[in-house]
Every structure is written in C-alpha cells, then in structure tokens.
Amino acid sequence: MFDSLTNRLNKAFKNIAGKGKLSEKNMDEMLKEVRMSLLEADVNYRVVKDFIANIKEKAMGTEVLDALDPSQMVVKVVRDELVALLGESETSIHFKEEGITTVMMVGLQGTGKTTASAKIANLLKKKKDRNVLLAACDVVRPAAIEQLQTLGQQIGVEVYSEGVEVDALTTAKNAYQYANDNGFDTVLFDTAGRLHIDDELMQELENISKAIKPDDILLTVDAMTGQDIINVAQSFHERLNVSGLVLTKLDGDARGGGILSVRAVTNVPVMFVGLGEKIEDLDIFYPDRMAERILGMGDLMTLIEQAEEKMDKEAAEKSAERMMSGKFDLNDMLIQLEQVSKMGSISKIMKLIPGMNQMASNMDELKTDNKLKYTKAMIQSMTPYERENPDVIRSGRKRRIARGSGTQVGDVNRLISQFEKTRQMMKQMGKMQQNGSMANMDMDALANMQQGGGATLPQGMAPRKKFVSKLKKRR
Ligand SMILES: Nc1nc2c(ncn2[C@@H]2O[C@H](COP(=O)(O)OP(=O)(O)OP(=O)(O)O)[C@@H](O)[C@H]2O)c(=O)[nH]1
Ligand SMILES: [Mg+2]
C-alpha cells in the first residue's frame, strides 16, 4: 500500500537529514519533493497546494529552525499535517443511547456496500457487543439478497429480507419493525447500487433515509477510482448528508490519492477502510496511524491489535508463563511460530514495525515465509520426547530430523542454537520480571531474536508428511 509515496517521501526527508540548521533553500527543495510525491500519488492538486503552504508556514517557524535536529522536526510537522488532512481523530458510528441504532449503506455499484455491511456488522457484534440485524434492501440485483444472506450466515448475524417482490422502502421499514419486536439494538441497511449517480437511485435512498432517519449514512467508495472519489462523495453528500465514508479496496490502491484528498475536499470523515475481500479485512480508520504508515514510521498500535486478535490468547498466555519460568521447550517455540504464521507473512508484519519498513521491502518475502515453514517442519519432525528435551538431540537424531523436514543438519544445528539463545533470553526476562530490572538483559540474544534466527533453507523442498506421522510412535 502506497509504497512509492512512502519511498519518495522518505527520500525527501533524507535529503535534509543531518543538515544541521536548515536554510530556506534546503526547505524549499524538500517541500518540492513532497509536493511532487503527493501529485504523483494522485492527490488533488488544491489539497496539495494547501498542504504544502501549511507545512511551509509551520516549518519556517523558529520552533523548527532552532531545534536541535531540524529535519526531525520537519518530519513531525509533515506528520501532524498529514493527520490533520486525514481527519485528526477517528470517527465512530453514532450509537443511540437508547433504542435502535440504524446505519444505512449507500454507494455506486460494486464499490463494496454489501461486503462492508457484513464486515461492519461483524465488527460491531464482536468488538462492541451489539445485537445486529442486517436488512437486505437491494431488491434491484437479483443475487444481492442471497449474497447478504451468505455473508450473514458466515458471521452469525440474522438477515431480514422480503424477497425482490417487495420494494426497498417497505423492506427497510419492516426490517426496523422486526428489529424492534425482536430485541435488536442495531440495524444495517444494505441498499442497491447504480453504475452512475442517477435520480432514481437518489430518490429511493432519500425515501429510505426519510423513513428510518438513520443515525449514520455510510458511503462506500472504491479507493482504486482515485480522485473520482471526490465527485462521487460530493454528489451523494449533497443529497443524503453522508456521515461517514468507507474506503474500500485499499489493498489494491497503490497510490493513495483518494484517501488523502477525500476528507479535505468533502469534509466527510473516513470511518472504515476495506483491505481485502475477507470479513476480517476491515479496519477502523485512525488518521494518525494512517499518516505514520504513509510516512513509513510503521504502525505499532495496529500491529499490537492484530497480534492480540489473531493469537490464540490462552495458548499464548500459558506458553508465556512457561517461558518466563524457564520451562521453554521446542513445543513452546512451535506454538510461537504458529502464532506468527497466523498473523500473516513476516514481511507484512515487519512493515508495521517502526524502522523495519525499508528492510521489509528489500526482503524476499517468500524466503522468509519459507524459513518459518521449514523451522516448523523441523520441530514437527522431532519426536514429542525430543521436543520436550532438546538436549537429547545429537548427531543421529539431527540427521533424521533433517531428512524428515527436507533440510540439512546445519539447519537443525542453527535451529537448536537459536532455541538455546531464546531459552536463555526467556530465563533472563523471567528474572527481569521478578526483580523489575532491564540491567541483566543479554542484548546479543535479544538482537538475535529480533533478527529471527533459525534455518537458512534450501528452496523447493517440502517437509515429508509420511515421515512426521511415523514419529509419533518413536520416543
Ligand atoms: N480487494 C478487495 N475487494 C473488495 C473489498 N470490498 C469489497 N470487495 C469486492 O468487491 C466486489 C463487490 O463488492 P460488493 O460488496 O458486492 O459491492 P456492492 O457495492 O454491494 O455491489 P452492488 O450491490 O452490485 O452495488 C466483491 O467481489 C467484493 O469481494 C476490499 O476492501 N478489497
Ligand atoms: Mg451489494
């Protein structure tokens, strides 16, 4: 996402880094670079113009020019301006204190209304503990109701529908009544899309809006349409008074112009971003995190949240407890590795860690993920006894493990020495936790862990499954 924008901005900052005091000339050069990067990312030119003017005004202030490290201060100014451009802070759904909260989804055809309805329903159910009803008010496209029903089933949320014979307005009103009679506290209305903005569509949406007086009208816009988003958003906003945007398909948006322009031009906040086709691929939009991601500072908060969500919490806690008490064995290491794989590819994760962004893009993603796979395969090729007692793994066993996992003895050696270092570190961390000090920390071990030790692996060889199953019988 936005890789080339991030790279260009970084280049612009690099040019002034370490320059000591900044001259107006340095600054102008840097700003020119920033301006070019934004225009190239398809950000609206008026937005760019204002953005640069704001930065210049702040960056030429004494606070920056007199700072110890002016280039750092400038990055901060740019970051703050980016956050302001994206909307300062996150905007949430306007939940009613009492009664049923209603959210209407609107947007052009194929922008992702139905998908977003299900994603948001799922998020509200899981994170906000809401009792959500989905209302199928797209009676134009024949398969639309079925699509919503399938998604509803997938997330365990009831879908209200009356089929295509009943018009959207009636369905919407009845869905509200049904929610009221059956104790739902939130209704999401999925509506029909059109290829272009036309009066018939707007009229239908206006009628529904007048009847149910939604607490939120969320407009889905496809990030890949670039600056066109602005026109679409403005047209919908004029007729319907849209309260929030769902920017979909950000996973396919290489440039980022839409997301950077739309808030500034329309003044409608982005509430959610869609990052893929799956139900979980939806994030609440946090302007500060997005700004930092664009600047390549990583996104620790998102990383932590993702990690927490996807990790099997109980297993993690148990294993951590064991680790801290020094009882760390290869089974624990396997649990840890499995949790890392659940979080997604390593290089994806690394992009979210400050300072690692550049490294991640230079890295061969496949190689790293392969490394993880083979490290897992090696542990899986060990007998349960060996996993619990890694000390018994000597040459004969090593050869067998290497054969079983399609690796070399050297790889098994590396895994074992990595394991030893990790075990050492865990012990130290356990002690540290007890006496509350970082002083005893073995920094080498920590560095090694951060670099991700383990196997350097042959390509194209797969772990042998048959072999693994035989192991169960062995000690
Ligand atoms: N890659 C990606 N695909 C998405 C995202 N959101 C939706 N899609 C896909 O876009 C297509 C259209 O999504 P829908 O949810 O059916 O769009 P819609 O606005 O309801 O479409 P209509 O009901 O026909 O107007 C589907 O194939 C979705 O899987 C996203 O964030 N990323
Ligand atoms: Mg739809």
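Along the chain as shown, the residues are counted starting at 1.
Glycine too: its Cβ is placed from the backbone N, Cα and C atoms.
From a predicted model like this one, the values you see are computed outputs, not experimental measurements.
According to TrEMBL:
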- 107-114, 190-194, 248-251: GTP binding site (BINDING)
- 297-324: coiled coil (COILED)
- 463-475: compositional bias 'Basic residues' (COMPBIAS)
- 269-282: domain 'SRP54-type proteins GTP-binding' (DOMAIN)
- 453-475: region 'Disordered' (REGION)
Neighbourhood of ligand 2 - binding-site residues from Gly107, Gly110, Thr191, Arg194 with Cβ under 6 Å: none
Averaged pLDDT score, the coiled coil (297-324): 60
Neighbour tally for Leu250 (GTP binding site), based on other Cβ positions within 10 Å of its Cβ: 23
Site of maximum Cβ density within 10 Å, from binding-site residues Lys113, Arg194: Lys113
Those residues of the chain, 6+ apart, with a Cβ under 8 Å from that of Gly110 (GTP binding site): Gly193, Asp222
DSSP state at Gly107 (GTP binding site), helix/strand/coil: strand
Distance-selected binding-site residues near ligand 1 (C-beta under 6 Å), from Gly110, Lys113, Thr191, Arg194: Gly110, Lys113
All-chain count of other Cβ atoms within 10 Å of Thr191 (GTP binding site): 27
